[in-house]
Each structure stands twice: as C-alpha cells, then as structure tokens.
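Colleague: So Swiss-Prot says this about it:
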- 27, 28, 29, 30, 31, 46, 76, 152, 207, 321: substrate binding site (BINDING)
- 76: site 'Transition state stabilizer' (SITE)
C-alpha cells in the first residue's frame with residue numbers, strides 16, 4: 001500500500017493540531033473537468049465506474065490538478081442499488097431514474113441481499129488500485145444514506161418535496177422500517193468493504209434528509225444511521241466516518257450523540273454555531289459552491305470561513321454541496337492554494 005505522506009485530512013478528522021487547513025471538494029472529480037467530459041463522450045457514468053483503471057484516473061485527477069488533501073472515490077450513490085435488484089438509470093440532465101419504484105411491501109420484500117465482493121467488485125478493485133499504487137493522500141469512500149436512497153427508490157427519481165417518500169413513511173411505518181433495515185445492512189456492508197479495500201475514511205451522503213423534521217428524523221431515520229455507524233466502527237474503530245447532508249442544520253444535535261467523527265455543514269450554518277451544536281465532532285464545510293462562479297465573493301467568503309475554522313482543531317475546508325459543472329478548474333486550483341497559504345499564516349499567528 002502506498003504510504004500516505006499528506007495526512008492533514010486524517011489529523012483534522014481526529015481533531016488533532018495541523019499546520020494548515022486540509023481541503024477537498026465534494027464532486028471534485030468529474031463534471032467540471034475537461035478530461036472527464038472527454039471521457040463522458042465515450043462512456044456513461046456507470047461504464048466509467050465499472051472500469052477500475054479509468055475510474056482511478058478520474059478519482060486522482062483533482063489531487064494532481066488542484067493539490068487537494070484527500071481524494072474521494074469517483075462513483076455514484078446509486079452504484080450499489082442494482083445489486084439489490086433496483087433497475088436504475090442515470091439520465092443526462094435528470095439524474096437517477098428508477099424503473100421499478102417501491103410502492104408496496106411486496107416491492108420491499110423483493111430487494112435482495114447485497115454482497116459487495118460479488119455485486120460491486122469493480123468498486124473495490126478501484127480502491128485497491130488507488131490505495132496500493134496511486135495516492136499519497138487519504139482516499140474517502142462513500143455511500144448514500146438510507147433516507148436519500150429510499151427517496152429515489154420511492155419517488156422514482158429526483159423530487160422537490162419528497163411527498164411520496166414521506167407519505168409512505170407515515171402511512172406504512174412497519175414497511176418503512178423493513179426498507180431501512182435492508183438499506184442499512186447494505187450500506188454498512190458496503191462501507192466496511194470499502195475500508196477493507198483501502199479507503200482511509202468514509203462519508204455518508206444523506207443529501208435530502210433535511211426535508212425531515214428533527215422529530216421525524218429521530219423516529220424514522222436515526223435508528224438505521226446508528227446501526228450503520230456502530231457496525232462500521234465495530235470492524236474499523238479508528239476509521240473516520242463523515243456525515244454529510246444539505247439543509248440539515250436542525251439535525252446537528254442528533255449527530256452529536258452518535259459515534260460519528262466529522263459532520264459536514266452547508267452555508268446555511270456558520271462554523272462557529274455548528275461547533276456549538278456538535279462540540280465533540282470535527283467540522284467539514286461550508287462554502288456555498290455558487291461563489292466559485294463569483295471569484296471576489298468566493299475569496300471573501302473563504303477568508304471568513306477560515307477565520308472561524310482555525311479557532312479550534314478539527315476543521316476541514318469543503319463546500320456545502322457539490323462543484324457545479326460550470327466551475328473553471330483553474331478556480332479550484334487557485335482556491336486550494338489560497339486556503340493552504342492563508343490558513344498556514346493564520347495558524348502561525350494563533
């Protein structure tokens with residue numbers, strides 16, 4: 001396995017002192033890069049992720065081009081679902097489309113047991129390739145969290161208000177619990193397999209869970225997240241686990257009492273107030289990705305965020321959501337350089 005010579009990200013995830021703030025960007029690998037767009041002329045997303053050499057190349061690009069302090073595996077949160085019998089297609093301009101959406105108990109019952117080594121060996125091969133030969137920074141594996149996966153599976157695709165998902169949850173609580181159990185087992189096994197293959201940390205993407213109230217989260221979602229985190233920690237107790245959601249500041253207190261290591265926040269919450277809600281966790285975030293298209297605003301916001309981030313150990317610079325396709329790669333390169341240089345100065349000042 002390649003020795004990790006830049007462990008700033010892992011130190012920050014453990015709330016240890018660092019000499020500069022680590023940075024990586026959600027969706028740093030992919031759609032904003034010319035090299036990736038050229039690949040997409042020939043291959044679909046799933047075709048790229050099924051070819052370890054190509055997928056590893058895409059994953060490593062931002063490390064080489066931007067100088068980020070961590071790589072995140074290039075794949076989609078939908079990747080494991082076909083292994084459970086879900087007929088999913090990624091449609092250009094739309095996103096994931098489910099051709100056999102969940103509507104009844106029978107639909108949930110049909111979901112099959114997911115075995116990562118059998119269903120997604122190409123994901124594990126990509127991780128091994130990166131960890132063994134290609135990276136000197138930590139590699140982050142990830143999975144979609146059960147609520148977000150269920151929202152696609154029930155709605156049949158992207159949704160603005162998740163009313164089909166929430167009404168199913170309210171109307172069929174026992175069936176919902178079975179669905180969460182199946183997705184939770186899949187997610188735990190998937191994350192454990194990624195760490196076994198060489199991932200240094202893992203992130204749970206619960207992109208749409210902010211649509212729920214805190215009371216609904218505590219009743220319908222918290223049990224499965226606790227199960228996932230506890231199962232991963234039982235096998236890999238020192239591997240950092242990150243929780244990332246959008247528009248979910250009202251749920252921060254729920255995550256404070258779980259054995260998570262890092263909590264991602266978006267631009268709706270400041271780093272300072274987030275720390276008050278999750279004092280035992282490292283914080284990741286929280287630049288609005290829209291500012292990447294407005295350079296002066298981007299630098300001003302980055303400076304403000306860094307001033308808050310350096311006040312305590314355990315801060316990782318990131319976006320509050322993914323990089324937009326329109327963002328020039330040069331902007332991410334310049335921003336990374338600014339974060340590294342500026343944070344080093346600020347930390348020396350103390």
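Cβ atoms are placed via backbone N, Cα and C, with glycine included.
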Colleague: Please find, for 27, 28, 29, 30, 31, 46, 76, 152, 207, 321 as listed binding substrate, the greatest distance between any two Cα atoms, in Å.
Modeller: 23
Colleague: For the binding-site residues listed here (27, 31), which one has the lowest count of neighbouring CB atoms within 10 Å of its own CB?
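Modeller: Ranked by other Cβ atoms within 10 Å, the binding-site residues 27, 31 bottom out at 31.
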Colleague: Counting across all protein chains present, how many other Cβ atoms fall within 10 Å of the Cβ of residue 207 (substrate binding site)?
Modeller: 21
